[in-house]
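**Student:** As annotated in TrEMBL:
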- 6-150: domain 'Flavodoxin-like' (DOMAIN)
- 12-17, 59-62, 97-106, 132: FMN binding site (BINDING)
- 204-445: domain 'FAD-binding FR-type' (DOMAIN)
- 349, 381, 382, 383, 384, 415, 416, 417, 418, 595: FAD binding site (BINDING)
- 459, 514, 515, 520, 521, 522, 523, 524: NADP(+) binding site (BINDING)
C-alpha cells in the first residue's frame, strides 16, 4: 500500500497563505504522506479531476479579489461551461486567510468553497476563516481547523501499516542543497552596473527605474516623514492609468546583511549553486541567478528583517541542542504557548535576525541548506502611482510614508521598504530601483461628464493625484476631492497643485485639518456637510465615489456620512440608503482601496 497523496494549492499575495500551505505540507510529511504544495496558477488545473485529496489555502486582496498567483485558476473554475459533477471524485478543504476589519472578509475562500461544492467535490469540513483580528492572530482559527482536518483526512487516507512517522523534534529534509564554489568570489563592481532593461517589465523581469528626486513633503517638525519620490522609466515601455500601482522589492540593510553572515559564519562574497532535494520541491527561485553569492541571497532574497511567523520557530526548534533554548522554542510551538510567542515576537515587532541573536546556541547549529526553509522570500511592496503619464511622460511618482516607531525593543522599528527607499539619494550619483507596474483595483469613468468624487486623507490622496492629472489632461473637469491631514502647515500634500486646479475651475476641494483647532475635524464631517452637493452629483449626474486610505475607522465613517446624506437629501430610508450604496458598488460607481 503506497503512502496517501496530498496536494496543497495556495493563492498568496504577501506570502502568508504560502507559509500556511507549506506548514500544512510539513505536517503531512510527518504523517507519512506524499505532499506537493504549489501556487494555484502554477498548477495545471485540468489535472484537478484526477486528484483525490486537496487543501486550498487562499487569501483575499483588494475589494474581494483573488491574489495575483491564483487569478487564472479563478477565471477557469468559475467558467459556466464546467459540468456540475466534474469534481465528484475530489475530497477537499478550503482555508481562508483574512482580516475582519475589511468589508470583504475572506470573500475568496467563501466563494471558492461554494464553487467546489457546486462542481461536486466532497468538502471534508466547513471553510476555515482565519482572522488577523483574532486575539491569537490567524492561528487562533488555523490550529483548531487543522486538528479537525487531520482527523477527517486520516480516517479516509490512513498511513500505511509499518510506515514510521517523523517526530516534530526531528528536522525534515531541506528543500534545497547548497553547493559552494571554492575559487570564485563576487566582483563588487559588477553589482553596481545597471541591468539591461527587459522588453516587458514584470515580477520576474523588472525595469531599473532611476531615482530622479526624493524629497520630504512634511514639515521638518512633523512627526512623520513622508516622501515624494520620482522615477525615470524612459525606455521601459511601461504604460499605466490612474489607479494602477508600482511594485518594488526592498533590500536588507548592509548592517543586517553583515550581522547575519557573522552569526551564521558565512562568507558574503562566496558563490554557490542550489539544487532541489526532490522533484516535488519545485525549481530554484527564478530571482536567484545560478551561481549566486551569499551577499546577494541575504541582501535581496531572504526576509531577515521581518517579524517571523510561527513556522520559523517550528523549524528553529528542531536544531536546538541547548536545553533552555529548546524548552523556550518548544513552548512557542505549542498551542498553549501562543500568548507567550505573541508577547515575545509580534507585539514588540521583533525581527527574525533579532530572534537568532536571542538563541545563539541554536543559531550556531543551523545548516546553510535550511536557509530557504527558514526565511521567506522578501515580498514586493505596492504603491499607488501618484502621477499621470499625460502630465509627466516617462515618469512614475509615489507618496511614501516612512514607517518608524518605537516598541519595548532597544532599537526603533523601521519599515524595510520605506526606510530603504527614503535612504536613496540621487544627488550622490545615479540610483536605480527594480520595479514593475500592475493594474490597480480602482477604475475611473470614461464618460467626460460623469463627476468623480474622491476621498483621500493622508497618503490615500496618491491615486487621486494621478486621476486628477489624467482627467484634467483629458478635459474632464467635474472633479471633487476631500483631503484630510493633521495640519495645513505640516502635512497638506500637493497643496499648491490643488490650488492651481481650483483656480482653473478643474477641481472642487474640501479639506479637513484635524489638529488645527480644538475640536478635531475629519473628512467624514466634510462629506456630511456637503450632503446636498453629493446627492446632486450622485443621484442626478451619475457621479462616481472613491475612498482611499487607512482601513481603520475612516472608510466606514465616510460611508455612513454618505448614506446619511442619501437619507436627508433623497428622502430614502436607512435600508434604502444601504441598497443604494450596494447598487453603486455593483455598477463600479463606488470603489475603495484601503490598507491597514
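Easy rule for this one: first residue shown is 1, then count along the chain.
The backbone N, Cα and C atoms fix where each Cβ goes, and this holds for glycine too.
Each of the listed features needs to be described in terms of its position in the shown structure.
**Tutor:** If you take the C-beta of residue 99 (FMN binding site) and look for same-chain residues 6 or more apart in sequence within under 8 angstroms, you find 105, 131, 132, 133, 596.
Counting only residues at least six positions away in the same chain, the Cβ atoms of 512, 513, 514 sit under 8 Å from the Cβ of residue 521 (NADP(+) binding site).
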**Student:** Which numbers of helix, strand and coil residues does DSSP report for the domain 'Flavodoxin-like' (6-150)?
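**Tutor:** DSSP composition of the domain 'Flavodoxin-like' (6-150): 58 helix, 35 strand, 52 coil.
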**Student:** Based on Cβ atoms within 10 Å, give me the single least packed residue among the binding-site residues 12, 514, 524.
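**Tutor:** Looking at the binding-site residues 12, 514, 524, the Cβ with the fewest others within 10 Å is that of 514.
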**Student:** Taking the Cβ of residue 102 (FMN binding site) as centre, how many other Cβ atoms lie within 10 Å?
**Tutor:** 22
**Student:** Mean pLDDT for the domain 'Flavodoxin-like' (6-150), as a whole number?
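**Tutor:** Looking only at the domain 'Flavodoxin-like' (6-150), pLDDT averages out to 93.
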**Student:** Relative to the Cβ of residue 384 (FAD binding site), which residues of the same chain, six or more apart in sequence, are found under 8 Å away?
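**Tutor:** Expected: 243, 245, 398, 399, 440, 462, 463, 466, 548, 593.
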**Student:** Tell me which of the binding-site residues 382, 416, 418, 522 ends up closest to residue 59 (FMN binding site) in space, Cα to Cα.
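**Tutor:** That would be 382, the closest of 382, 416, 418, 522 to residue 59 (FMN binding site).
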**Student:** Using a 10 Å cut-off on Cβ-Cβ distances across all protein chains shown, tell me which of the binding-site residues (349, 515, 520) has the largest neighbour count.
**Tutor:** 349
**Student:** Have a look around residue 62 (FMN binding site) and count the other CB atoms within 10 A of its CB, chains all included.
**Tutor:** 19
